[in-house]
Amino acid sequence: MGRMFGTDGVRGIANKELTADLAYKLGKAGAFILTEGTHRPKILVGMDTRISGDMLESALVAGILSVGAEAICVGVIPTPAIAYLTRKYNADAGVVISASHNPVEYNGIKFFNKNGYKLSDELEDSIQALIRDDFKDVPVLTGENIGRKIEEDGEAIRDYIDFAKSTIKGDLKGLKVALDCANGASYITSVEAFKELGAEVHVINNKPDGININRNSGSTHPEDLMEYVVKNNCHMGLAFDGDADRCLAIDEKGNLINGDFILAICGKELKKQGRLKKNTIVVTVMSNLGLDIAMKKEEINTIKTKVGDRYVLEEMLKNDYAIGGEQSGHIIFSDYNTTGDGLVTALQLAHIVKESGKTFSELCSIMKELPQVLVNAKVSNDQKDIYLKDEEIKSEIDTITKNLDGSGRVLIRPSGTEPLVRVMLEGENQKEIDKLAHGLAKLIENKVK
């Protein structure tokens, strides 16, 4: 059995890879491992709008109840809401059934511990080991020891909306905002929060039917929103993904504003308020060099981690930083939540736009994005580290780096899933870096022939 858990829980095609049987086992093992020693543990269960959610929820909950835990089912709700509410309700764990930005046929199961954090690799391995060993030493409960399912009646959504609203001071009156909910989990929460704060709210893709989640919509397909913002003279647009743990933005001219720009704008604002701990933002190695240059001018440090919001969060927790995130729009505000939170990000950004008295595009001029080129070089899995060993490749990387002279960079990343390495170059001249990236990729491929 290979490793069941990926970077964001267990994910696969629902009913084929992520079956009801597997969901039952994950519920049983997760509840047992996460609540050991607790008399009558409580586990919060939420999901996005996928058609397979009902099937997987039924199986997952059956597993939870079989080991004597209570399952509190809150229905369709954003992933970050489960992270927050697990803490607020003093639950012993939280589970979300969602495949985030993936197409409808996929689904996933993701656990949070009692503090609202994603699980460590060690805990995930313990859950997998229990399933692999066929629940050896797990007692079979009967009678009054079996757990109960509790259907929650909307209080959870209300509590999450109130929490998200509380993260900004004042209101959003006078702001005209377009929201794209991706026909996903934020179709109620995001719309209500913005309306209650006084914004003029226009919404697209907020009619989920079980199969239209992420379809040509949301943060992975923002084209319709870009058009809508311009056509309707909105001050800004905000696009969520299926489980609303990420958010991208659109300026009033219809330009897509990615996570790097959001981090730059929010980082500068936090510093102004004296809330940017250690004057540092945490980003990944894939963030644009333009962000580093912009932050240097603002006397803000950038610390880089491996790709993945879990690594960003690890770094933030280790050194008590206030903000971090990825280009994809996973932004973590550690003062507010324990994971990327699309609605909290959207509200911070909207509030900054309103209070600044500037247009969104003016705020975005804080940063100039450098041209970026990504080229794949095909290599076998056992030769993915050749760029670290081969002298000619190392020398070529050094030469390119020297020639870019601080206004560009080379980054090589082995793929975690395919037999290739990704060659990424950034610099001021698109044509030049294009040529250099393709040349370097070719050199790597020639060396492994």
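A Cβ is built for glycine as well, from the same backbone N, Cα and C atoms used for every other residue.
Record check, Swiss-Prot: Mg(2+) site residues include ASP241, ASP243, ASP245, and the candidate from SER100, SER395, SER407, SER415 also listed there is SER100.
Its Cβ placed at the centre, ASP245 (Mg(2+) binding site) has 33 other Cβ atoms within 10 Å. Once Cβ contacts within 10 Å are tallied over all protein chains shown, the binding-site residues ASP241, ASP243 are led by ASP243. The separation of SER100 (phosphoserine) from ASP241 (Mg(2+) binding site), Cα to Cα, is 6 Å. Counted within 10 Å of its Cβ, the other Cβ atoms near SER100 (phosphoserine) come to 28, all protein chains included.
The DSSP secondary structure for ASP243 (Mg(2+) binding site) is coil.
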